[in-house]
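Positions annotated as active site, for sulfotransferase activity by TrEMBL: 18. What TrEMBL records for 18, 19, 20, 21, 22, 101, 109, 210, 233, 234, 235, 236, 237 is 3'-phosphoadenylyl sulfate binding site. According to TrEMBL, the domain 'Sulfotransferase' annotation covers 9-255.
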Ligand SMILES: Nc1ncnc2c1ncn2[C@@H]1O[C@H](COP(=O)(O)OS(=O)(=O)O)[C@@H](OP(=O)(O)O)[C@H]1O
């Protein structure tokens, strides 16, 4: 009989926010050797949680067998300065996965989420271009959401603490359109047998996403249905003039090239 216990994560999905972290976690959970933490624990990035210590963190983990690898995801880990060293202190051999997406698309997705939460607080809606650009048409570099799309900026902190071989990068744009090859790469990175099957997914053309065939509603476990898929994924992105997109693409281009050089992988995000 396998012994069930709560085990600290051996894999962390560290970000990025709106990169596809939830879909990636749920898809990986199809693997019999993976036990996912269904909620974002925010242990390493929230001081109050971190103060509770590793025993508390372990108590948040699901029951797993010793053949299973526990996975937690909290997208803000990637951008929070203290996190890499805290993670290293838990386990210097932990494996890390980062999922990235075209930074402009990510920003539009983030903006849609921020506006939805403003609307819930009865705050007025804003135009994307009024937030992302200054009145003179230049990029508003003070915008916090924009900073999250500067992937290279945060990566240096992680690579200062962890060797590159402990970090795997998933192409979030590909995960949307053809998840299977991206999942196979993660299985290889983790040294797991290829047990996730292509026929476990189907594409829902109306929603534009892949779903789990065993859960005809969507990827999310039942307690997530209303919270996640109905609400926070697949939101309509703001309609933005082409010139605004072009200004942003040009702004991100050198940062993207730096990121590609750091990770040794080119994601071919448009530069115009
Ligand atoms: N299969 C599937 N189902 C649902 N959503 C999918 C899927 N694959 C990728 N994505 C993309 O995930 C984007 C949300 O990213 P995150 O889960 O990282 O968001 S969050 O930071 O946790 O809020 C979400 O962003 P939006 O398109 O803006 O909604 C999706 O594009």
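One-based numbering along the chain as shown.
Every residue, even glycine, has its Cβ placed from backbone N, Cα and C.
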Per-residue pLDDT averaged over the domain 'Sulfotransferase' (9-255), given as an integer: 93
Cβ packing number for residue 22 (3'-phosphoadenylyl sulfate binding site), 10 Å threshold: 21
From 109, 233, 235, 237: binding-site residues whose CA lies within 10 A of the residue listed as 'active site, for sulfotransferase activity': 109, 233
Residues near residue 233 (3'-phosphoadenylyl sulfate binding site) in space but at least six apart in sequence (CB under 8 A): 22, 23, 209
Secondary structure at residue 22 (3'-phosphoadenylyl sulfate binding site), reduced by DSSP to three states: helix
Fewest-neighbour residue among recorded positions, criterion Cβ within 10 Å, set 18, 20, 109, 235: 235
